[in-house]
């Protein structure tokens, strides 16, 4: 962990038997914001001190960007040249426990990477019509399970479920044989809407607090059997994981880049004055139980056809309400190159092209004991913003 | 509203400017449980009095069935021959406001009525293969949107969205032209599970607190365009509605009936010693803005292929955790007869068979100003248990 002064992430930590409370981080230190609050550092912003002593960030996020932005700015000043008083709030990262930072209300998973949708379409359906007809007209999405989202470090048991082997005449039950990760970015909603209210593309980023790395764990064999006609269910809801730190959207301003032109033209409610993506490098590492580790994918948050602003506009256009703490995940982010795909399904091309982790060690899908690690960072040579990691180890089925 | 002594429903009410708190109901009276609690009526059960003064039932439900069952039993005694002291807690139903009774964590929608799945399959896909291959092997379900669930009485604005008219070469945007209801029953989860824990069919009903009428409002034209490959999204998430009273599962014991035999045989984790359904009559009424009203469907909670216990066993078999207040909706409940279908889509056979509401007034899908009313009740000649109603009026698109 190494957070620059440009990052100022927000998370939830505890130390030993202490209660959970809010934290930021600088370099390899965790900074106890409840301590700073109780010393009066944030009193000028008219924020009740207990907001910094909650077990989730939600109350803090609910203050709105004016106040959370003021806290961010002050922290950049305080942590640049910390006084001894400020340093009283420091902990070494390795000394503390990090927790799920946001209490998630509803979780939506988009499907916004064209290469990923294309790859899945080729493998599961028809190479000639890999993208379904709706894909370039709307940001396809489905509702995911909020309850089973956990923080980095939580182990994941291989799920059991129904699958139907090729040529079998009926389904079988057992541990998934095609356990997979999905490399995603989670958008954390920072401002709620009323039922019936729509948010335009141009104002949509006002509703974004920040971002986290997101692993949408998936069991491909369970998914293939269950997903028609209503979408994935048990194939996904056994577990999802997030990195411990929420990176505020303000930290990504230096890394904003124009989105690519969309063709065919989208409907007016999906148009914006200046659609943008964020240039954030994403890496996937696989570590075996014997300690062999390899980077198996290098992707980028920018490899999305639909922007976060368009996702929010689409999500609300029918009147669905958003709440602070909702998660809008990007969907698997795959680049064009074969080594930038965001899932084992794509990297091993449905298991037909094993990936070499080390001499004699290959993977198609994930095995018990494997650890999957996502890392993310933005770096323009002058400014670097890290996302930290989301890292989970696979345990055998219960 | 007319609740027998056998019902003892639980809900959340307020009177004038009073705070929300817990209530039950008897005949046409609402009974303020916070008043009875503060008078000490429940002190023997070791329940903190503030549990009855919450804006949701969740804390009460979390006490567990032993305590909530004791409250239920005591209320049956108290309300049978109420003393003047007990009657101090009475309000006339028309004097109070009823609120959403349960703070919903996650909402899952099943698809468990065979006739409904068959009807949809015939209309949308292939009459020869109306049921998809997985349908009789697992209770198909998807995750719905929890945030947009509202209580009976809340108006619903006709949603706008993308749809693709037949033969058009690209989608259009506008108010849905095929707005529909779905007649469902919601199961309210009463006990949580840990991530990774599975619940067997035989113990599954221990996790059920009770039931509510549920209307899964749907926009068929939006759904048809968006739902491949990940399931319905904006077609459903603009609104869902529930009846104000949760009927405890104990009240349905007299109406338990054996479930029909499942063929083909299901996998062992879906088998139970005595699978049962509940004989609860369900009715749908449509009332126009000019006051014409007609009963347009008569269905029954028992018209399900999969039981609630099987739904819970399936939901948890991969390790997905459940929490108190989660909703598991049944999916549209359609009986075999054409006048027992649970949606306009089926009743009007995709708009091809208009339904006469009154002379000269026909409907295929729902129009602005229409009110949809679900009623439910169980009655064996000796005991009657009502569910109340869920009733919502359609307003034009915003």
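Glycine is no exception: its Cβ is also placed from the backbone N, Cα and C atoms.
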Candidates A:216, A:221, the one TrEMBL lists with A:236, A:240 as binding Mg(2+): A:216
One of A:97, A:106, A:109, A:279 listed by TrEMBL as binding Ca(2+) at the site of A:182, A:184, A:216: A:109
DSSP-derived structure type at residue A:223 (substrate binding site), helix or strand or else coil: helix
Within 10 angstroms of residue A:332 (substrate binding site), Cα basis - binding-site residues out of A:184, A:236, A:240: A:184
From A:182, A:184, A:216, A:240, the binding-site residues whose CA lies within 10 Å of that of residue A:223 (substrate binding site): none
Near chain B - the binding-site residues A:182, A:223, A:240, filtered by Cβ distance under 8 Å: none
By Cα-Cα distance, the member of binding-site residues A:125, A:227, A:236 nearest residue A:182 (Ca(2+) binding site): A:236
Which same-chain residues, if any, lie at least 6 apart from residue A:125 (substrate binding site) yet have Cβ under 8 Å of it: none
CB-centroid shell, 8 A cutoff, Mg(2+) site A:216, A:236, A:240, site residues removed: A:109, A:144, A:145, A:182, A:214, A:215, A:217, A:218, A:237, A:239, A:329
Reduced DSSP assignment, residue A:184 (Ca(2+) binding site): strand
